[in-house]
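> Take a look at the following structure, please.
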Amino acid sequence: GPLPTSNAQSTFDYQDDGTEAENVDDLAFQPLPSSTSSSTTSSSSGGTPDRSTSSDSMLRIELWSHPFQQTAQPQEFNIGTFSSALFVGMIFVLIPVSLAVDMVYDREMKAKNQLRVNGLSSSLYLSAYFIVLSGLMLVICAALLGLVFLFDIPSFRQPPALITLGVLVFLYSPAGILCSTCFSYFFDRTDSAQSILPNILTFVGLIPFILVVFLDMLGIEVKAALALHYVFSLINPMYIPYATVYFVDRVYIACRLSSACAELSMAHYMTEEVIVMACGCLLHIPIWAFCLRVSDVMKSGGRMRDLFHRSASEEDVMTEEQCTGEYEDEDVRHERSRVFRLTSNPQQSQQDDTTGTQPVVLVKSLRKEFSQESLCGNCCCCADDEPPRKKISVRSLSIAVDAGEVLGLLGHNGAGKTTTMKIMTGETAPTRGTVRVAGHSITINQDDAFKTLGYCPQHDALWKNVTVREHLELYARIRGVRGKDLNRLISTYLTGLHINEHANKQTQHCSGGTRRKLSYAMAMVGAPKVVLLDEPSTGMDPKSKRFLWDTILASFHGKRCAMLTTHSMEEADALCSRVGIMVKGELRCLGSTQHLKNLYGAGYTLEIKLKHIENIYSETPIESQPSSSQEQLQLDQSTDHIAPVISNCIDNRSMALRNFVTDLFPSATLEESFADRLVYSVPQQAVSSLAECFSRLEKAKIELDIEEYSFSQTTLEQVFLKFAHYDEETSSVQ
Ligand SMILES: Nc1ncnc2c1ncn2[C@@H]1O[C@H](COP(=O)(O)OP(=O)(O)OP(=O)(O)O)[C@@H](O)[C@H]1O
């Protein structure tokens, strides 16, 4: 029969005729060596109770209220049990914690988000992690139990004790993993998680355990101890490893000290405490799995209600008029109207739309504000009386990307390009607005939206101890590439990007350029429908950049499309069918590069550089140059006097040049004048014949001492710089 537990303060009633009352179990106990109870105990040998009788009609037998009270050396027993529970329990607490820290690393280097955006759903990621960690933990725990067995610890020598311990550890493992993983969501950096999390969770389990043991040892507070044991077992998984060792050990000690049982069976270990712990473990699994899901959603910027109302409608965005930007141009306004039309009545507007197809990406009234805290890094950097400051990173961005299109987002540092991409990839929650990818909302239907997405982030999200090839294999497999295609595809990217020789290197040993190439290949492999490329060519050599451009140009046809941010105007000019320039979070202009050049460029740019006076001087015949130091000295003295003359000469040459340009292009405006260099912008209509322009410039080159000149169409860079100037102007106004 089961051993009565100390906490239960088990009492058994015997009839004076020696027959046991109805509620008496078949027990096997010796008389207690010392007891607070005055009652007589029954003794037994071989597991049969020796039922004592007394003169009382009802003999109250208090078997043992606590082992502490049964031994001549109580401290020895308690310290032994307590310390073994402490150390073994601590190990069992630390195993899941150290495994869970890995997830912080995944979040810190954005690998988790990268996997999610590239099609691996959060639940699949968490389930895979949970299975792997639980498997690992079980192996480690099995090894530990083996060690316990090998060390021949008396209380765990018996198979029933080991089995009970094993079963409880087996049940605790998933609960421990889930709980530690949940706590790991408080950390964003692996270092802090590694140093703080084990301490927190050790104490979270240890403090309740000490409390229970303390009350338990007192003997008089056993009911309170049992009650607390119930509570902690049911709410705190980290308490269970300590309690497991303690209560399993105690069964043995109780048996040995009281000499109550010759051999312990499984039934002896089925004490109330053990059963509560087993139930607690089973209860913790769904509870902590739910907490983990909530933590994950909240950490990725989601909302609690998204977890429950999957079919909820998207948050209402502002009206079209409310979203109008302060400085936006006609094209941006037109694009906004198109987005609002497409979202309010998709079928009708699809027919009306010039492209005739539904855009693959629809961004509607996207806005992102960062709070004061995130700007300051702490909440104490601003005075109390100051109103809360907000940084608006993206202002009511509405944009549609059609199939077959590569849309470029340009802007100076801090313009809001990366924030836009981060919202689109679910890394940051929008303050307002909606994003739809391939018809799926990224807030409501995120998993479906991300199945169509490939993302090359600005900062490489790579595991340092995984090889280049393994990264590519993983992402290709996530996108459903199998068999021979897998190797062929990987080889194409490795060869094209010239990283074949690094294929089997861990990424921690790769150069920045190689890692960048790998990030790009990871976004493209498996041909996702929509690819977001955040400055993909940064750090690449020209040859690899060429491959990148070629693959982009070849890839986005038919139903596929891409969004690209870059600081290279050359790249935007070469790859993008449309370009939008963002300034301070606001989309200022949108259109094809030629359209923007026509609209914002000055038509042509004339850049002229005059010869230096010294160069003219050095071109004078050799016989007229000074031959001796005496002559040089005389010349130096004479140049002092002729300095004003030279300055006069420069002014005259410059004036002559300006007159020439005004004569050639009357409507030209001088943009820059520095030393001998003049830059003019020439309106398109001022040029009637390019041939005539060039012939007159060639003539002037000789007559006006022009060293070199260039006459070119306005570049995208010049358009971009124009917007940068606007930015400076608005900053100074603000
Ligand atoms: N987590 C954050 N907390 C506070 N402000 C932020 C945060 N992330 C971005 N910002 C601010 O939002 C603005 C836009 O940043 P973003 O990274 O989107 O610019 P960007 O156009 O991508 O610049 P770059 O070309 O340098 O990558 C910046 O002023 C930045 O300081």
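Every residue gets a Cβ built from N, Cα and C, even glycine.
Since we're looking at a predicted model, the values are computed, not measured.
In case it helps, TrEMBL gives these features for our protein:
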{"type": "COMPBIAS", "residues": "14-25", "note": "compositional bias 'Acidic residues'"}
{"type": "COMPBIAS", "residues": "33-55", "note": "compositional bias 'Low complexity'"}
{"type": "REGION", "residues": "1-55", "note": "region 'Disordered'"}
{"type": "TRANSMEM", "residues": "85-105", "note": "transmembrane segment"}
{"type": "TRANSMEM", "residues": "125-150", "note": "transmembrane segment"}
{"type": "TRANSMEM", "residues": "162-187", "note": "transmembrane segment"}
{"type": "TRANSMEM", "residues": "193-215", "note": "transmembrane segment"}
{"type": "TRANSMEM", "residues": "227-248", "note": "transmembrane segment"}
{"type": "TRANSMEM", "residues": "274-295", "note": "transmembrane segment"}
> Going through 125-150, 162-187, 227-248, 274-295 one by one, which has the most CB pairs that fall under 8 Å from the transmembrane segment (193-215)?
227-248
> Which one, 125-150, 162-187, 227-248, 274-295, has the most C-beta pairs under 8 Å toward the transmembrane segment (85-105)?
162-187
> Under an 8 Å Cβ to Cβ limit, what residues of the same chain, 6 or more beyond the ends of the transmembrane segment (162-187), are close to it?
92-93, 95-97, 99-101, 103-104, 129-130, 133-134, 137-138, 141-142, 145, 148-149, 156, 193, 196-197, 200-201, 237-238, 240-241, 244-245, 248, 266, 269, 274, 277-278, 280-282, 284-285, 288-289, 291-292, 295-296, 298-299
> With Cβ-Cβ distances below 8 Å as the criterion, list the same-chain residues six or more beyond the ends of the transmembrane segment (274-295) that contact it, or say none.
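Contacts with the transmembrane segment (274-295): 122-123, 126, 130, 164, 167-168, 171-172, 174-175, 178-179, 181-182, 185, 229-230, 233-234, 237, 240, 243-244, 247-248, 304, 307.
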